[in-house]
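These features come from Swiss-Prot:
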type	residues	note
DOMAIN	8-283	domain 'tr-type G'
BINDING	17-24, 81-85, 135-138	GTP binding site
Amino acid sequence: MARQVPLNRCRNIGIMAHIDAGKTTTTERVLFYTGITHRIGEVHEGTATMDYMEQEQERGITITSAATTCMWNNIRINIIDTPGHVDFTAEVERSLRVLDGAVALFDSVSGVQPQTETVWRQGDKYRVPRICFVNKMDKAGADFEHVIETIRKRLGARPVAIQIPIGAEANFKGVVDLIEMRAILWHDETMGAKYSVEEIPADLMKKAEAFRMQLIETVAENDDEMLHKFLEGETPTVEELKKALRKATIDMHVFPVLCGTAFKNKGVQTLLDAVVDYLPSPLDVPPVEGIDPSDTSVVMTREAKDDAPFSALGFKLINDPFGKLGFIRVYSGVLKTGDTVLNPRTGKTERVGRLVKMHANKREDITEIYAGDICAAVGLKELKTGDTLCATTDPIALSAIDFPEPVISVAVEPKTKGDQEKMGIALSKLADEDPTFKVRTDEDSGQTIISGMGELHLEILVDRMKREHKVEANVGEPKVAFRETIRKASEAEGKYIRQTGGSGNYGHVKIRLEPNEPGKGFEFIDAIKGGVVPREYIKPTEQGIREALQNGVLAGYEMVDVKATLFDGSYHDVDSNEMAFKIAGSMAFKEAAKKASPVLLEPVMSVEVTVPEEHMGTIIGDINSRRGRIEGMEHSGGSQVIRAIVPLKEMFGYVNDIRSSTQGRASYTMQFARYEEAPRMISEEIIGRNQGK
């Protein structure tokens, strides 16, 4: 079967925003207008097509990125609906990695919110062109121009309006299209499916002309031909303007801004038109880069062509009753059911059992998938998030997806003996699906410890364990995931010599430890010369050091941002073995870490509190009492927004405290910012507690 939709008519987009800006509602409207659903699903009724997990329908939030395919004006659009809640950052990170473009939604009153900043930064990191949609224009206090200003100021981006609203709040009727200079009004009685194109209202004409001039001026800055016309006083044609705006958007010089209200069915069709007109097809983005698995210094590229060697990235896993579904984005070549593909991470080949196109939680079997498309594959047992799949004859390893480390952990134990084994299986399946969810066993207590990105994240995972895997568990109090690091360089040796009956054990290494850049993690350098430590014992030494990192020397927390150089050692012809060098590496590391001024690090959070003026003093005093630092304040609507950095340790239970101190009138959002050195008092308290004083 040949390709049905040419590559230039494909769009892979994500919908990204702060929680509650209306992402899922917007996607539901898109599915309705593109003819996929015959009834609009509502988030508040719990019937939204994209929110297909039970907890999503109960809580009215999107947890997993559901992928779906629809057609608009003969263009195939693959949409990934991403969660806006900070605890599910991993879902956003993995979606953006495989998208070509995105729609960023903004609340018409709040504008840029904390999670908007996070997802916007992730979009910048993966260089994803975006168009902006100011949603909820029917809301009291809606202010289109204020939102554009917050995009400019807080995101440092260049927004450019391609529409302006007609009316606002309850009187929001439609938009002025600044490209074609016409008014578009939606009819309520047709669920917004029909709209009329009219003359621009006289009272808006001047404003529309000023905004259009601004649009042409901004676009002309990046287009020589248009700049020349502009300076000559000529007006560009609609086609010229669209073409120049498309180029400027794909190059990320500008971000077109539209408006509407998805819930009231206004503005969705024009948003779809903009996706088609201004967001890139797989042909508009640079070829994907990777490395040669057999020689990591060789950089390779793959063009989005069907006749190129096959390459794809696995960006999401779902375990369901029918087996493991692996969502993949195909970058080059063609994949057919029954094909054998290579996973460079494992070095193993696997056979693709089935290929399915997903529509939220419904699926349609397909026989092949082409370059630039997204689908799910069944039968890939070894696939993990971020893995490359490629042709066995032309291997390539695409760059993996970076995920943040978990910041909070709780102990879980099964309620009954019978749940013990089931819990282990359930947790490993959940950890398979979610790279920011970690499971380990505490060496001292034997308890199972699960870690994640926040309280809601862990709560939902425990809930899924109960619903999907029928495992009842008791959950302990949440604990902060502290870390340890070092502040100066040191050297130490590890010597492991044991004589037991026949052959003995002999391992001897010398290492140099030094601080690594924050966020760089662990780095191992092999500086052995003259074979004083044979090649086959280098890897075991590194492994021993890596294992020792898991239990720091101060309070048993993982050590981060450390560089270890193996520079000397010795071996015994008969008694040396891998195990002896692994133990020697671990001993040397512990010894060196003790001498390298180890310190305790704690996660600090970026907190934003929206509070009425009269409660400002209370909130600021409370933040200071939690060891917080106020970073800035600004006016928004009738409230003040306070931005602060506060240690996570001090934020447990904040939701109840803030409610009671402001009679429920303040709200806050919080997300992980970074790790910072803990003050001495806190360090002593934690170290003392962990050493059982």
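Each position is counted from 1, following the chain as shown.
For all residues, glycine too, the Cβ spot is worked out from N, Cα and C.
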Cβ atoms near Ala17 (GTP binding site) (within 10 Å, other residues, all chains): 27
Number of Cβ atoms other than its own within 10 Å, given for Met137 (GTP binding site): 28
Model confidence over the domain 'tr-type G' (8-283), averaged pLDDT: 81
